[in-house]
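Q: Below is a structure I'd like to ask you about.
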């Protein structure tokens, strides 16, 4: 019948066999070799003899009989002795619960387990009860309800546990609460691994401080510091609050609320206690009630009406009292150690790097707890040759060759284990304690039983009547497990067994059960029935072998009935390490074997790896055999060559003999071939008429078809020739058409080019005429503008010349007046009778009095407004730079007194004199272009002159005075030139001249230019 997929489910036992329980979290399943058990035992554990005691059930007796058996040289099923590969003790609790132990195998199936080899770890075998119907499955194979599975997992609720423990502690009487605090405080002085005389004398843990906890000196120092703060700085209310904070620390430690991601539990608990103390404080109550009454929020009547609703604990009539010294000391110690632990935890978190996120949750408590036991065994120094490992196996010194190396890191591992243990909540610690006690009890019980006898064999099971079929392990190899089974057709199941044999099984040799390894259906398991054993004389009815296993791995073998898919039993077995040197080199064993079964996928992978290793080994052996065969063949060939050489090198007689034998053999073969050919010829001569007629018919058909083929070929050839002629004519027509098209295209291209040249020539000629006309018009406009500009410049230059002529005439008039004044001054000085000696006034320093100076002599003889040749000129303007006032009044520009500073030395220059002349060599350079016809092109103002590039025109007065000219000689020429007066845009100012005179009888002057000379240059 088809096997159900329920057999492939995992049958792992999620038990905390490591000494500590998980804090409400589900342990991650190790699909591949999960090393959660610390150090493991390999191969054979010990060579010493051990014993086993088997408790057999009996429905007729109330006590369990004890059957001593031997396992020094265990007997195989075929009767030959075989040395055991490891000590295997098999205590079997047939009607109860059996715990795993070291190097032992338990089969809980109302039967007896016999072990003869291999290391069989502690399995959890169970017997399934018979169902009412044959097709009813066992509860283990039935589908598991998720809600039922979730209800079996203990949830981790550290906040709820911490708050519940805190509420419980706050409700305890003072005496009981003091006792609880004392017990909690005493835990800090005990080593985590337990106190013993050996540990105290060897390691001094009480003084050095156990791993993960501070030392005794640190504790005393912190307690003293906190006690000093308690007595000096804390008042009564703060002391009572700190006392309740000690309760909070106890609750957080026991409830596990201060570790992991539950940091908010501390704040919540402290907040609850703080709010409770604030509400119960009499000072705060008086302050709040007084504030409410003063602000008229509530009235005294309302307060008295609702005050009875508050509990009596909150209505204080007197202030709090200080706690007793004993409770104060305990609270100080608890709070000091809490602060120290927080500081150490924060420092360790900052110092250690963050572990990588692997995505798998590992039972760290289990691993740490198991390692602690091993470390304690290392450090205890007790004179024992072995100790109990974390997974219940006896760990011997042979399994720890590097024990001294790991002993150096024992303190570090113990610190980690103690840190994990300190973070366990109270209920987890209780569960861990219970598991440890139960395991130690079962271990001691198993050791007491094995001390009374030897393991039993299959011969000891003869004559025993069992209620149901029994399966036991007979031999364990590195890659195979051999087992045997009893009869599965019991008396109470005769009807079902008969039905299976008749219908489901079909024959007596049909397998009554199948094997699943680690939850996976194992196809390489072979089961065969034992026929030679007489009925009633032996319990062995079935024998089987599970192959394809990996060495040094743990497996969980499930035996399931074929008819009902019920589990007969579940056995946990660990295969020993291989002893073959070649296989060890080819197969890579895990670095640390696991005693827990792997997942089905991992099991199959390991089996595949083992099979591949064996295949590679066989291939290597085959290659080695091939090489050996090649060597043998080469050796044989050498011998054959040697024999041939000896044969050829023999005498003539031998050669003749060999030749005659060869000829005889050839003659015989030729005769046989000749006889065979004669028989064939005889058969061919007698041809039947029917076959001859068929042959003639077929030949006629062939000739007819051949004629049709020839005619078809001729028709095909004629058709091909006709088509070829048509194709050739069409090709010639096509070639001629292509040539005509090419000629037409070339002609079209030539005509298009001519057309484009004509169009471009026409367009180019029209554009050239327009361009020339535009250029001519532009040149005419530029010439007109240039002519107008020159005309304006000539007119402006003429106006400037006229202005210069007028200015020169005015300057000559001023020079005449100055000369007359100087002459009069000299005459006056000569007529003055003043002292001329050096002791008196110096020459030229005798001031003239205004009364002595004749006014008529100082006035200008020229009229204020005169006319020359019909031209009217404006009166002389005084220079704006002249500072001395006129001697005759405001209308005169001459100096007022000849005694003062001579005014002719300070004559200001005209702005036209400062500017450079338009007639010099620099006149051709202009900032403004002639083509720029602005609004002021005819008027050359101050912007037309660049005074920065021309030296100012300075008039030399001495030259003017020394010049002997006739009046009107040059001026008349300049005035009679026919130029009309033009208003000048330049503003004229007083000119500045230079003169020189002496205190002699007269003076002389000279001028640097004349109007005639300037005019001549202009013309």
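Backbone N, Cα and C atoms are what each Cβ position is placed from, and that goes for glycine too.
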Q: Of the ranges 283-312, 313-342, 343-372, which one does Swiss-Prot list as region 'Disordered'?
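A: Spelled out, Swiss-Prot records region 'Disordered' over residues 343-372, not the other listed ranges.
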Q: What range among 259-279, 385-405, 406-426 does Swiss-Prot record as transmembrane segment?
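A: Among 259-279, 385-405, 406-426, the range Swiss-Prot annotates as transmembrane segment is 259-279.
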Q: Please identify the range among 831-859, 918-946 that Swiss-Prot labels region 'Disordered'.
A: 831-859
Q: Pick from 163-183, 184-204, 436-456: which stretch is listed in Swiss-Prot under transmembrane segment?
A: 163-183
Q: What residues in the same chain, six or more past the boundaries of the transmembrane segment (163-183), come closer than 8 Å to it by Cβ-Cβ distance?
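A: Answer is 244, 246-248, 250-251, 254-255, 265, 268-269, 272, 326-327, 330-331, 334, 426.
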